[in-house]
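Visitor: Sending over a structure as structure tokens; questions will come in a sec.
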Amino acid sequence: MVVDMLDNYSDYYHADNKEYQQKTNIIGRENISPKLVLTLMIVFTVISTILGLWLVVKAGLAVLWMGIFCFAVGYLYSSGPVPISNLPLGELFSGFTMGFMITLISVYINTYQVFTWNFPTLFSVFLVALSDELWISNLMLANNLCDAEEDESNHRKTIIHFIGIKGGLIAFTAKNILAYYYYFLPFLGLAPRGIWLSLLAIPFVYKQNKLLIHKQVKTETFITAVKTLLVGSASQLVAYFIGILFLK
């Protein structure tokens, strides 16, 4: 939440395009006090830091190093001399950090007594988390697709600046398709067969993908990427749980 607030806060203050600042950015559009946003960021950061340090005490220094990496990416995503969100690396960092790193931290905290830091373990976690990595990176991509003109006017060189709208839409669709690679996870012993039940969400994901392909408007179709992430990951979670209980 702090990263999202910082992203909007930084974009609001650094916007060269006044129309974007007042009509597109949520702080200007909803007439939210920047001081309130800053206060919330500080409060949330303090709370998350306290909780993080408590986890370090319980699970060890590995949590600290992973947390520092995630905090650094979160800060640099919207701040610093050249924010990550203004570069063609936004999709990579958002997907890797929120998709893989959060999953890795969760796995480690629950298994730190027996967790082994080796390639097979890390690669297994990577494969299990890959769907969320792709869908989360697609949030950033959908945002950049919808904000393409405004990003150019504000001198942001996102991935769309280099591959164009058409290339971005192809990448968006490809990642939505690749996200269903997890069909093969049961064959690798990384998921129960029940995970296949989540394939029932494919028609919904296809519909949302089609809507964004047809129109890239922030207030109308950016939500399709959000819905895809929510329905896709939620269906996986429910199907995984059912699989553990009944369909191993």
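A Cβ is built for glycine as well, from the same backbone N, Cα and C atoms used for every other residue.
According to TrEMBL, the protein carries these features:
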{"type": "TRANSMEM", "residues": "36-55", "note": "transmembrane segment"}
{"type": "TRANSMEM", "residues": "61-77", "note": "transmembrane segment"}
{"type": "TRANSMEM", "residues": "89-109", "note": "transmembrane segment"}
{"type": "TRANSMEM", "residues": "121-146", "note": "transmembrane segment"}
{"type": "TRANSMEM", "residues": "180-206", "note": "transmembrane segment"}
{"type": "TRANSMEM", "residues": "226-247", "note": "transmembrane segment"}
Visitor: Under an 8 Å Cβ to Cβ limit, what residues of the same chain, 6 or more beyond the ends of the transmembrane segment (121-146), are close to it?
Guide: 85, 90-92, 94-96, 98-100, 103-104, 107, 115, 158-160, 165, 168-169, 171-172, 175-176, 178-182, 185, 188, 190-191, 212, 216-218, 221-222, 224-226, 228-229, 232-233, 236
Visitor: Restricting to the same chain and to residues at least six past its boundaries, which positions have a Cβ under 8 Å from a Cβ of the transmembrane segment (89-109)?
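Guide: Non-local partners: 55, 58-59, 62-63, 66-67, 69-70, 73-74, 77, 115, 122, 125-126, 128-130, 132-141, 144, 158-159.
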